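Peer 1: My questions will all concern the structure given below.
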């Protein structure tokens, strides 16, 4: 049993359904009211040459869809209070046909920094391969020192090998002379 000992609950008692015709009539009335307010705000100056009005007069069968594109629904008390914030940017929805895909795309800060970083790295590698950077100069100097050391080591080995060969040849001569006696 529900609260208070009564039979039945509060749900489902007085449900009222609105017919689709009534909903359409209410929407049309709201759109008409919005048009009148817009005309009053414009003061009749934009009536001649207004592309929205000309399009509406030419294409009357598509007027329902066009009205929704040109007017934004105001939420809450936004329709009652006029806001004059110079920093506020009104977002407008663009149609797919209005998008400019061929134009230059603006890169985000991260993308720009990434591209600049890659270009700087490529420039540095070119300079490095040309031997113009400090690191490349240091590498070349170190390489020259290593080459000199290797040349000296090779000369020293060659001299030692020659000396060893000479010693072994001299030793064989002595041995052969001593055997011949």
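Glycine residues also receive a Cβ, built from the backbone N, Cα and C atoms like all the rest.
These numbers come from a predicted model, not from an experiment.
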Peer 1: Of 120-150, 151-181, which range does TrEMBL call region 'Disordered'?
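Peer 2: Region 'Disordered', as annotated by TrEMBL, spans 151-181.
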Peer 1: Counting only residues 6 or more past its boundaries, what in the same chain has a CB within less than 8 Å of a CB in the compositional bias 'Basic and acidic residues' (102-117)?
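Peer 2: Residues packing against the compositional bias 'Basic and acidic residues' (102-117) from afar: none.
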